[in-house]
Amino acid sequence: INRNYRSTELKIQLYRSGLSWARAPAAVLNFNCMLILLPVCRNLLSLIRGNFTCCGRSLRKQLDKNLTFHKLVAYMIALMTAVHTIAHLFNMERFNNSRQGKGDELSTELSELGDEANQTFLNPIRSTSTTPTYVVFTTIAGLTGVIITLALILMITSSMEIIRRCYFEVFWYTHHLFIIFFAGLVFHGAGRIVRSVKTTDPPHNISFCEDQPANWGLIPQCPIPQFAGGFPQTWMWVIGPMVLYLCERIVRFVRYMQTVTYRKIVIRPSKVLELQLVKAGFKMEVGQYVFLNCPDISQLEWHPFTMTSAPEEDFFSVHIRVVGDWTEKLMSMAMACAKIEVPLPHFRIGVDGPFGTASEDVFDYEVSMLVGCGIGVTPFASILKSIWYKFKESNPTLRTRKIYFYWLCRETHAFEWFADLLQVLEREMEERGMGSFLTYKLFLTGWDQSHAAHVKVHFDKDTDVVTGLKQKTYYGRPHWDNEFTEIRNNHPTSVVGTFLCGPEALAKTLEKKCAKFSVVDPRGIKFYFNKENF
């Protein structure tokens, strides 16, 4: 260790602490750049999640947080890039001062090495008239560093929540700068701007010679030191994930080329479009999602949508709420086809998937608690449909004994999406004497005075005035302490899976409630929180 340290003292003399501040973040960057692509290799994650028997519940829960992990790695890359860049800016200033003779004698002597034949340089600034800015924009390391830093800034700023929700296209296209980022990263080290002492014969005795640079090359113990750039290492860290991600995109392209046909198209209330699609060899599980592409709108944009159909059906369906430019254009195209009475749309749809989510595990729990907000009910529609089919076929493998379903909506029209499904489930379970299997509560969080008056007039009816179901609609938001207390009292020794497809604020609330109402006793009730992530 001491020998390795002594061999770098000449380099340290020129760089000072800037060397450590640049190299340490570079090592962290290599590791994090290796990790950043893995969480978005969705086919790989689905393979691990669904096919490997060693993938238990705890590991699957971590895989479901892939996007959170992706963001954390991105934040670390941004932080380390800032430290690495600032350190090298200080290094460049020190190089320039040493080259102009403003440093100590040893730094000046080191900077002048390479000016004569049979010498190699340590200081990349080769002239007293050269500026650090010129070096930054004319060397491989400097130019690629500027490019990948700009690409990183654009990717991170366009990934802000408000940008992704309001200007998704900006986020989508800007995020593809990762291609430039990784290309620049691979070539960044090729400039070999950080150089180390080469072994010479006879060796340069650093401890003896560092105080007498004027005698270098004049006495046997002090031959002129030779330097060489280190071998680039970044490509070795990132080549594996880059190949995996390339395979991911090839699989997407192959799936895109496969034919997808329309079975049915339905325009629902509250600007919701239902597409029923058929694709050869397509197999799904409950709660999974797909990426859709419409080349008539954009060749490159892919958007995730949870499937609302059941695995037992011979088609798969998605419900698409209009919230942005892409969905607005898709809805307009569908409505145009309906106006001219075209039986099925003529625009092409590409499908990539299906991909696994937390909702796949719903039947692994004896008791399941499903919470959906607005269009976030879609994964649970798939689950409820599958339950209906399992009851219809008297499937003996159904482990789940009780389901609690909560649906929160701001407007009454939204309940029309799946009210007919709930009515069928109500009737089916009553006929089989299993009316207690499903407990569902619908919460209307927004209403006006006329609606309230209408509810008062029809309050005594057997069915709800909003949904037509026997279960009456609740007004306002759930009191979660009461709901969790009821479930804990009804199932004191069960393992309860809590599944949410909704906003982050509600996710934090439910996660805290799961921890609060879980019993420490191994035989007591346990709540496990699961959230949909796309």
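For all residues, glycine too, the Cβ spot is worked out from N, Cα and C.
TrEMBL: automatically predicted annotations, no manual curation.
What TrEMBL annotates here:
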{"type": "TRANSMEM", "residues": "20-41", "note": "transmembrane segment"}
{"type": "TRANSMEM", "residues": "72-90", "note": "transmembrane segment"}
{"type": "TRANSMEM", "residues": "134-158", "note": "transmembrane segment"}
{"type": "TRANSMEM", "residues": "170-190", "note": "transmembrane segment"}
{"type": "DOMAIN", "residues": "243-361", "note": "domain 'FAD-binding FR-type'"}
Ranked first among 20-41, 72-90, 170-190 for CB pairs under 8 angstroms with the transmembrane segment (134-158): 170-190
Positions whose Cβ lies under 8 angstroms from the transmembrane segment (72-90), at least six residues beyond its ends: 18, 21-22, 25-26, 28-29, 32-33, 35-36, 39, 132, 145, 148-149, 152, 155-156, 159
DSSP helix/strand/coil residue counts for the domain 'FAD-binding FR-type' (243-361): 34 helix, 39 strand, 46 coil
